[in-house]
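**Student:** Dumping what TrEMBL says about this protein:
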- Asp128: active site, proton donor/acceptor (ACT_SITE)
- Asn7, Glu364: Mg(2+) binding site (BINDING)
- Lys14, His188, Leu189, Gly190, Asn191, Gly192, Asp262, Phe263, Arg264, Gly310, Val311, Gly312, Glu313, Asn314: ATP binding site (BINDING)
- Arg71: substrate binding site (BINDING)
- His160: site 'Transition state stabilizer' (SITE)
- Arg221: site 'Transition state stabilizer' (SITE)
Amino acid sequence: MTVLVVNSGSSSLKYAVVNPDTGEFLADGIIEQIGSAQVPDHDAALRAAFDELAAEGLRLDTLGLVAVGHRVVHGGKTFYRPTLIDGELIAKVKELSPLAPLHNPPALLGIDVARRLLPDLPHVAVFDTAFFHNLPESAATYAIDREVAERWGIRRYGFHGTSHEYVSQQAAAFLGRPYDSLNQIVLHLGNGASASAIAGGRPVDTSMGLTPMEGLVMGTRSGDIDPGIIMYLRRSAGMGVEEIDTMLNRRSGVRGLGGENDFRKLHARIESGDQDAQLAYDVYIHRLRKYVGAYLAVLGHTDVISFTAGVGENDAAVRRDALAGLSGLGIEIDEALNAEGGHETRTISTPDSPVTVLVVPTNEELAIARASAALAAR
Ligand code: ADP
C-alpha cells in the first residue's frame, strides 16, 4: 500500500511515493521550471513525474496507491484536519487564496491535474496551518482593530504545521516520553523558517502569522519588520504594493543582506571575509535567539529544543550559535555531538543539560502520506 504525495508550487512540483506504514519511499523527485518550454504547466509537470516513475520501473497501476495526498499551505479557519478533496473544498481553498497568493493557487493547479489524471483515487488535502488551529487566543490575536481583523480573517494561522507536529512527535518518541508530558520548542530552519512552542502536546505559539512572512529571518524573506516600514516605502519611496511584496519575499532575509540564501554558500562567503555575509548570518542568529528566549518565557520551561529542516539538520554552526552561552537557562550543547553529521534523530546536548537539544530530520511527505492513508481507509 502506497500514497502519492504531491507538493505543488508555482514553479516546481515535488512528488513522492510513500509506504505510510513502513515509511519507505519508493520514489521521490522534483519537476522544476514549470512555465518553461519543456514543462509548460502543472499538467505537464505531473505527467513528467509519472514518466520519471515509469523510468524507474514503477507503474501507477501496480504501486498499490490508496490515496493522493496534497500539501496545501493555507487552510484558513475552515480547514484544520486532513480533508477529502471535493468541489466544495476546492472552492473554499480558492477563497483563501488572497491569504496565500504564492502558495494556494499553485496547490489548486496540482490538485486539479492530479484529480484528472488519477480520478479513481481519493485525494486528500493536508494543511500547513492545521496544527496551529487551536493556538490560544492570546497568541493568535493581533492587537489591531477588532472589526477589521474579523472582517478580513486577520489572525495568526502559523505554517510548517505538518513539520512542527511530526518533529515534536518524533522527539517524544525518541525520548520515550508521552507526547503530552513534554514542553517543546521546534526550530524549523529551511529556506522558509519558523519556530513553535508546544506545551504538553498543544501548540501555544508559532512565529509565522497571517502569512508565512512573519517571524524568523529566512532564506529570502525578512521575517519580523516594523509594519511602519511598509507605509514609509509606500509614501516616501513611492514603491507599489507588489514591489514591496516582492522585496520582502524574495530579496530580503539572508539573501537580501548577504547575497546568498544557501547557508553553505553563505558560510563560504563569510570565510572569504565578506562582511555583508557575516552581517546576514549575525542578524539571522540574533533573531533565532530572540525567539528561543521568547518561547522559553511563554512555556515557563522547556524539556526539548529540536532543530529540523535543511539548515537545522545540517548546519552545526547555526545550532551552536543559536544556543551558545545559555547554560544559565539550562541549555548546554555538546560541541562534539553537535558537530557530528547524521540522518537520524540525535541528541546534541550534554548528558547533564536540563534541556535536551535534538536534531530531528523532518519528513512532511511521510506525515502527509500517513494522514492521507488514514483518511482514505475510513
Ligand atoms: P525548503 O524550505 O525549500 O523545504 P529545506 O528544508 O530543504 O528548504 O532547506 C533548504 C536549505 O537548507 C538550503 O537553502 C540551505 O540553506 C540549507 N542546507 C541544506 N544543506 C545544507 C548543509 N549541508 N549545510 C548548511 N545548510 C544546508
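Here the Cβ of each residue, glycine as well, is placed from N, Cα and C on the backbone.
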**Student:** Where does His160 (site 'Transition state stabilizer') sit in the DSSP three-state scheme?
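**Tutor:** In the DSSP reduction, His160 (site 'Transition state stabilizer') maps to coil.
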**Student:** For each of Arg71, His160, Arg264, count the other CB atoms within 10 A of its CB; which of these recorded positions has the top count?
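**Tutor:** Counting Cβ neighbours within 10 Å, the top one is His160.
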**Student:** Which of these recorded positions (Asn7, Asp128, Asn191, Arg264, Val311) have a C-beta closer than 6 Å to some atom of ligand 1?
**Tutor:** Asn191, Arg264, Val311
**Student:** When neighbour density is defined as the number of other C-beta atoms within 10 angstroms of a residue's C-beta, which of the binding-site residues Asn7, Asn191 has the lowest density?
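**Tutor:** Relative to the other binding-site residues in Asn7, Asn191, Asn191 has the fewest Cβ atoms within 10 Å.
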**Student:** Quick check for the class: what is the C-alpha distance, in angstrom and rounded, between His160 (site 'Transition state stabilizer') and Asp262 (ATP binding site)?
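**Tutor:** Cα-Cα, rounded: 19 Å.
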**Student:** Tell me the Cβ contacts of Asp262 (ATP binding site) under 8 Å, same chain only and six or more apart in sequence, or just say none.
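**Tutor:** Looking at Cβ-Cβ distances below 8 Å from Asp262 (ATP binding site), excluding near sequence neighbours, one finds Gly219.
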**Student:** Which three-state DSSP class does Val311 (ATP binding site) fall into?
**Tutor:** helix
**Student:** So which of the recorded positions is most packed in, judged by how many other Cβ atoms lie within 10 Å of its Cβ, out of Lys14, Arg221?
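**Tutor:** Output for this query is Arg221.
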**Student:** Sequence order is fine: just name those recorded positions in Arg71, Asn191, Arg221, Val311, Glu313 with a Cα within 10 angstroms of Asp128 (active site, proton donor/acceptor).
**Tutor:** Arg71
**Student:** For a quick check of understanding: given the listed ATP-binding residues Lys14, His188, Leu189, Gly190, Asn191, Gly192, Asp262, Phe263, Arg264, Gly310, Val311, Gly312, Glu313, Asn314, what is the maximum Cα-Cα distance in angstrom, as an integer?
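**Tutor:** Taking every pair of listed residues, the largest Cα separation comes to 23 Å.
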